Amino acid sequence: MPESEANPTFSKSTGLPRKRFYRARAHSNPLSDSHFPVPVSPRHVDYTAHFPELFPSSKRIQFADVGCGFGGLLISLATLFPETLMVGMELRDKVTEYVKERILALRVTNPGQYRNVSVFRTNSMKYIPNYFEKGQLSKMFFLFPDPHFKEKNHRRRVISPHLLDEYAYVLQVGGIVYTITDVEELGEWMKACLEQHPMFESLTHEELEADPVVKLLSTATEEGQKVARNGGQTFQAVYRRIACSS
């Protein structure tokens, strides 16, 4: 019996998991202690479990979608860059499970596709160096993160000066950080943090226009689609990792 018929959490028409069974709070406290396995170092990341059709191999993850939500961006990127390994990093357990089931279902219904995408349940604000080597990543995504409006909670924001040090460490020179939000104050905050950091520079207008990923920032995710339906405005900051000037 097909899984969609045996399991009501899956749609009979698409074979994909039904989102309503995996709903969770919009955001989690990234400073709280959560209990899940974390690799001791990037060498201990189990690639075989996440990319079983591609390993053993010398490939490494190159894209990381931090706070990936329900995985909309990942699913779009997986077919746009079919030879690139990518992961979502999500703290909420139900949402992580949804993304995992969505990817597994897509692999079944689209043989040969979506083999290059997976998801980690983890706290990226604490454990980025546990997953990625120095200079490993070529793209990092921070789409519609929790704004943490209260000033006392700004330390919980996923873009901050000290966290940018960690992102600069795992990004290769020339790697790109993509951010977007519908909260103007947060957009200004993220842009200011990136602008003031010595290891990042903004992309030019021409580079943004030529990058196919930029167009996905506001359209591929549930949050972006909701903003568009409501006629809202978004604020992007896209920056390149540069070599540290001596």
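Counting begins at 1 with the first residue displayed.
Quick reminder: no glycine exception, Cβ is built from N, Cα and C everywhere.
What TrEMBL lists as active site is D146. The annotation S-adenosyl-L-methionine binding site is assigned in TrEMBL to G67, E90, L91, N123, S124, L143, T221, E222, E223.
Around the Cβ of L91 (S-adenosyl-L-methionine binding site), 23 further Cβ atoms fall within 10 Å across all displayed protein chains.
Residues G67, E90, L91, N123, S124, L143, T221, E222, E223 are listed as the S-adenosyl-L-methionine binders, and the farthest two of them sit 21 Å apart at their Cα atoms. All protein chains considered, the CB of S124 (S-adenosyl-L-methionine binding site) has 25 other CB atoms within 10 Å. Ranking the binding-site residues G67, L91, S124, T221, E223 by Cα distance from D146 (active site) puts G67 first. Shown in sequence order, M89, E90, L91, S124, F142, L143, P145, D146, V158 are the residues of the chain, 6+ apart in sequence, with a C-beta less than 8 angstroms from the C-beta of G67 (S-adenosyl-L-methionine binding site). Around E223 (S-adenosyl-L-methionine binding site), the same-chain residues six or more apart in sequence whose CB sits under 8 Å from its CB are G69, L143, F144, D182, listed in sequence order. Taking the Cβ of T221 (S-adenosyl-L-methionine binding site) as reference, residues of its chain lying under 8 Å away and at least six apart in sequence are, in sequence order, G69, F70, G72, L73, L143, F144.
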